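As annotated by Swiss-Prot, active site, proton acceptor applies to 72, 143. Residues annotated as active site, for ring-opening step in Swiss-Prot, with sequence analysis given as evidence: 141, 148. According to Swiss-Prot, the site 'Part of the allosteric site' annotation covers 151, 158, 160, 161, 254.
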C-alpha cells in the first residue's frame, strides 16, 4: 500500500490529477496500444476532473489514445437524465477533453438484460488486457463503486441493490428526495477492481475517516469493501487531513516519512 497524507481537498485533487497525467505520459499510448483508465463519479473526484481539464488545456496531456471504463451506472435512469453517470461524465469531463467517443465505456443501465450487459462489460475490459489505473472514491461505509458492505470480495460486474445509507447519501443529487434515487445499479465488482494494474482511491472529509481507518489499519473484511484493496500490489490511497482523523498518529507519521524517503523515485507500492 502507498498512503499519501495531504492537508486539503484541493491538494488531493491536484496530486491525483498529476499522478494520472504522469502515468499516461510515461505509458506513451498509441491507437494500437492505448492507456486504459478506470473512472468514478460523485463529489470526491469532481475537482480532480477539473484539474485534469485544466492541465489538458495547458497542453500537459492528451486523452486521444486513452480508453476509459466507468465504475457504475444507475438502473432504469435515462442516460440524458442530469443525474445519470453518463451525464455526469460528459458534463464534467469528457466534453472538455480530446477523448474519442468510441473509447468511452459506461455501463448501460437501461438494457433489458442486465446480466448480459455486465458480462459484455467484463469482456470489453479483458479485450484491452487490463485497466492500467483505476481511480475511485470510497463511501462513508467503505463501499467502492456500488459494492456495498458484505459484497463478495471476488465479485465481478453485476446488478446490485443499493443500501438505505447509499440512497440517503445520494439523495443530495435528487433534491434530497430519497424516493427519487434509483434502487438498483450496475457496478464493477471488487474482483474487477483488484484486476487493475493500479488502484488509486481518493478520500476527503471527516465523514470518510472510518473508511480510511478500515482501509489502512483494519483487517480485510467484506463489511468494509475498501479493505480488500490491502491485497492489491499497487494500492494508492490519497487523503486530506480530515479523512485521516481516525488513524493512529504513528500510522500517519510512518507514511509521511515514507513518502519523504521515496520522493522523486519510481516507487509504486509496498
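Every residue gets a Cβ built from N, Cα and C, even glycine.
Of 72, 141, 143, all annotated as active-site residues, the residue with the shortest Cα distance to residue 151 (site 'Part of the allosteric site') is 143. Within 10 Å of the Cβ of residue 161 (site 'Part of the allosteric site') there are 11 other Cβ atoms, across all protein chains. Following the DSSP three-state reduction, the secondary structure of residue 72 (active site, proton acceptor) is strand. Nearest Cα neighbour of residue 148 (active site, for ring-opening step) among the listed recorded positions (72, 160, 254): 160. Counting every protein chain shown, 22 other Cβ atoms lie within 10 Å of the Cβ of residue 160 (site 'Part of the allosteric site').
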